[in-house]
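Structure first, commentary second.
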Amino acid sequence: MGSFLRNARKLAPHGSMIIVQLITATYIILSNVILTRGISSIVFLLYQFILATIFTAALAFIFERKDRPPITKTVLCWTFSLALIGITVSQNLLSASLYYISSSIEAAVLNMIPVFTYILTIVSRQEKFGINTSWGRGKLIGTLISVSGALTLMLWQSSAISLLTTSLTDRVLGLVMVVVGVLTLSIWILLLKPATIRYPAECSMNALMFLFASLQTSVLAAGASHEASQWQLKWDLELVNIVFGAVFYCGLANLFITWCAGLKGPIFVASFPPLGLVFTTIYETVFLGEALHVGSIVGSIMIVVGLYIYLWSKAKEEEYNQQEGYEAITP
């Protein structure tokens, strides 16, 4: 039993990130349906953030009320910045970009998160990669294979992705929005580890982030959404998606990401998003009747192989670091 519990704790971050990708894939499928019904994307996110604030605050009260660290001015500055970068800016840009480009193009760019995060960790010197070691090269190769598989899955289809449905100006604007959104999301992932060191209370931190994100997004909504119809909720799939997004996508998924980033580092977290594309493809095939293309199969295999190589390399690195008597600090 002791060995089982040790292995379960060891694999908990991996299982958590797989659950995050399942939640993300479900949320993307639901959101693609909702945003075509006329509701403002800003208002949609605002309702979601408010409900997520209530949900994460309830979790913080239940699990952290006895040992929660004091909320200082430094903590407030950190959570305000994290909310602005990783929630308000990134989520609003990614949602609004769907008005200008297709979800397929956005999904392809989203899977560049591992690359952006890798570059940012090199620039910031937050991580040591050990490229001269076998596991260092394995992590890099695994990440590149996984990203290549994601691009293959998206772009190698029997029917080409149409880029001619909107004007050139709209396409450029949409691409700029999604690239900036992915970049800010990568920066957010990078900042989570030092943030959890300064304030080791994930539920409370997320509650503060969504509180600030709600306030920030309300300012955007007040300036951009003037029609009453844009604020009206329908008691159908629209409400279901807001609740699902608040509880699972914003609430639980963000808690798992925050915990894993503090425990395993930003590259560990950033290596999983391509797996979400595999789940999205499965959902579309099973529930929406989409055809399963050769590119979907090849790309999915590449993503799984790349992720396995990365996780195997990470495990070897941690074994070496434990033998050397110091804690691993690389993703």
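Using N, Cα and C of the backbone, Cβ positions are placed for all residues, glycine too.
Database features (TrEMBL):
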- 17-151: domain 'EamA' (DOMAIN)
- 12-30: transmembrane segment (TRANSMEM)
- 42-63: transmembrane segment (TRANSMEM)
- 75-94: transmembrane segment (TRANSMEM)
- 100-120: transmembrane segment (TRANSMEM)
- 140-160: transmembrane segment (TRANSMEM)
- 172-191: transmembrane segment (TRANSMEM)
- 203-222: transmembrane segment (TRANSMEM)
- 242-260: transmembrane segment (TRANSMEM)
- 267-286: transmembrane segment (TRANSMEM)
- 292-311: transmembrane segment (TRANSMEM)
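Per-class residue totals from DSSP over the domain 'EamA' (17-151), listed helix then strand then coil: 107 helix, 0 strand, 28 coil. Looking at 12-30, 75-94, 203-222, the range that has the most CB pairs within less than 8 A of the transmembrane segment (42-63) turns out to be 203-222. Confidence for the domain 'EamA' (17-151), expressed as mean pLDDT, is 84.
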